[in-house]
Amino acid sequence: MMQNVHLAPETDEDDLYSGYNDYNPTYDTEITAKIPSTAVTRPVATGYGSKTSLASSMGRPMTGAIQDGVTRPMTAVRAAGFTKAAFRGSAFDPLGQSRGPAPPLETKNEDSPEEKIRQLEKKVNELVEESCIANSCGDLKLALEKAKDAGRKERVLVRQREQVTTPENINLDLTYLVLFNLASQYSANDMYAEALNTYQVIVKNKIFSNAGRLKVNMGNIYLKQRNYSKAIKFYRMALDQIPSVHKEMRIKIMQNIGVAFIKTGQYSDAINSFEHIMSMAPNLKAGFNLILSYFAIGDREKMKKAFQKLIAVPLEIDDDDKYISPSDDTHTNLVIEAIKNDHLRQMECERKAMAEKYIMTAAKLIAPVIESSFAVGYDWCVEVVKASQYVELANDLEINKAITYLRQKDFNQAVETLKMFEKKDSRVKSAAATNLSFLYYLENEFAQASSYADLAVNSDRYNPSALTNKGNTVFANGDYEKAAEFYKEALRNDSSCTEALYNIGLTYKKLNRLEEALDCFLKLHAILRNSAQVLYQIANVYELMEDPNQAIEWLMQLISVVPTDSRALSKLGELYDSEGDKSQAFQYYYESYRYFPSNIDVIEWLGAYYIDTQFCEKAIQYFERASLIQPMQVKWQLMVASCFRRSGNYQKALDTYKDIHRKFPENVECLRFLVRLCTDIGLKEVQEYATKLKRLEKMKEIREQRIKSGRDGSGGTRSKREGSAGHESGQNCSASSKGERLSAKLRTLPGTNEPYESSSNKEIGKCRCPHPVPMGTADLKKTDASYVDPLGPQTERPKTAAKKRVEEEDFADEDLGDYLLPE
């Protein structure tokens, strides 16, 4: 065998082709090929050791040829693309195209275990995906059902795999995915116990890598359940299992730990967590929570330092100058226009708004406590803000300082603070002037309110709040057409200004343009679905349009929103009474009386209702309450005595009339009933009462003659003499229109020549309001119905544009930094 081995010469170390002379004699053959480019037949060497050396047509030596004693190495045992059959006359076909198309693919065997496992795995992935999509669309129930279905099919898949392959081939990633999605859906559906059990299955299984991070989710569930100690425990366990390279995740977990400590009142531990976060990776939430923790323990100096740290947190957003075109380049302007309101820009605006909210809330929180007075504290906060990147917030803090003065009822200081902005830029000047207009409007100084409203409008013509306030001042002066123009302009500048839309509806009511007023209130109802004021105004407009059925329907919606409002209930009773439905009217009047038993109109109607239905004993309690409310009105006590007399209790009626006579000795009607009762009972006092009655009637005739002669002689005197004469005669029951009506009813009672048992068939004391009772801004908010409209019973006060109300609010729930506008 060694004879076929040829060693390379030792001296020729650089020969790249050394060793290619080795060959096996078995391959030493000669074949004859027909070369298309030549007409002669010649031997072709196909292996090493060929006896004849032929040159190619280009002078290149053939493969395996020997020249000058050196054999050229062979590049292949057989030439690529050539076969022996080709040399026997077949065409040149190096790709084998002459063999025809490839045979068809072998069909899958769907009944094979491997194929069933593959299809089942695909179905599990589809179910998990559908569950996630349903969760993102808000259909949490469907998401949970899909997650459960995926879990069931995954367990079937695992059993099938165990039967076909070894346990090592089980897809652990799919099992982890199914369990994690199921736990997430349980948590989203508030099924916390099931979610915790599912998370425990994942965490306790050692074959799942990085499963310890899910303890953060378990801590979140315990935090929702207000089990703060366990939440802190699981947060710390998760923190221990997360490597230090994941800095951002560790910071978030520490922030959750700090929040849990605040919930448990362990402010010192919370401060340690937030201080560590502010030193490693400061952020707005951690800074704000740190201020809250120091506020809870009352450390003034630390509050100041924490506020300065919060101010110094970088926002990491671009300046607004980036979105301003520096040149007239069309391409650049198009790019700037495209990115001016894209998602990235919106995210930057949201981050900036959140930072301003945290800073404003923190300043309002600590300003009253860091110094001796809240004014000094606000001044310190303003100076710190002015030296930071949030310079524009300083003016808002000053306005909030004025609002704080308002809460303390110090209107002069509030006005002085707001007047400081008259020389500032237009935006701040407009806001301050709007607030000043509001203050003067509340004090009914409409001239000053109008002046500052003009200043606000001139400073910012597109300020809807300023335009609304200006319209209010014009409305108060009775110029409703001009007020409507200001409200319309406010709506053109801001179509969402509900105050202007409400006020323009009131204006149209004043102008008796009821269809347009109804249209405004219906539009407002589409925006504010449960606004009691809007519902009442719609009902009131329908009442003015003489459509009581629609008015009743809208009032029914109103009492579904404010079921304890006595004025709405009494209004329903009034409408049913006008429709002749006494039973329904009584029901709503009685409900109104239950919630507010001091409404004279309701008391009068209920008393008259019981008299009409011949239940005089029940009417007594209502008239007695009316006499307590209005002790100087004799008509209520006369009605009490009349009820006693009608019910047959003559002795009680006599005592009541005597008591009335002692209080009102000049009341003629009381004396008439006393004479009647004493005569029938046979008392000796009858002569005394008859004498007094004759004397009073004679004085009344003389007084009437004097008045008549005075009118004839002087052409009429002032009604003052008539009023004084009426007062002297004791006619107290003619003080109001309803008093006159009830007095007329009282005069229809049986006279001195009528039997006691007889009674008038006419109605007594029916409550009919000639004008709709208006409901201002605060009417339906007060369930005790004690509100009285300051503009009188036949007027309505326009609703003022108010972004924020002057009322006590929780600092953490709502930002009070916006402009204070009239309500």
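Note: Cβ is positioned from N, Cα and C throughout, glycine not excepted.
Pulled from TrEMBL:
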- 796-807: compositional bias 'Basic and acidic residues' (COMPBIAS)
- 808-817: compositional bias 'Acidic residues' (COMPBIAS)
- 1-20: region 'Disordered' (REGION)
- 91-114: region 'Disordered' (REGION)
- 704-823: region 'Disordered' (REGION)
- 212-245: repeat 'TPR' (REPEAT)
- 251-284: repeat 'TPR' (REPEAT)
- 464-497: repeat 'TPR' (REPEAT)
- 498-531: repeat 'TPR' (REPEAT)
- 532-565: repeat 'TPR' (REPEAT)
- 566-599: repeat 'TPR' (REPEAT)
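With a cut-off of 8 Å between Cβ atoms, the residues of this chain six or more beyond the repeat 'TPR' (251-284) that come close are 216, 219-220, 223, 226, 228-229, 231-232, 235-236, 238-239, 242, 290, 292-294, 296-297, 309-310, 312-313, 354-355, 358.
In terms of DSSP helix, strand and coil, the repeat 'TPR' (498-531) has 27 helix, 0 strand, 7 coil. A mean pLDDT of 93 is what the model gives for the repeat 'TPR' (566-599). For the repeat 'TPR' (464-497), the number of residues in each DSSP class (helix H, G, I; strand E, B; coil) is 27 helix, 0 strand, 7 coil. Per-class residue totals from DSSP over the repeat 'TPR' (251-284), listed helix then strand then coil: 29 helix, 0 strand, 5 coil.
Secondary structure by DSSP for the repeat 'TPR' (566-599): 27 helix, 0 strand, 7 coil. Mapped onto DSSP classes, the repeat 'TPR' (212-245) shows 27 helix, 0 strand, 7 coil.
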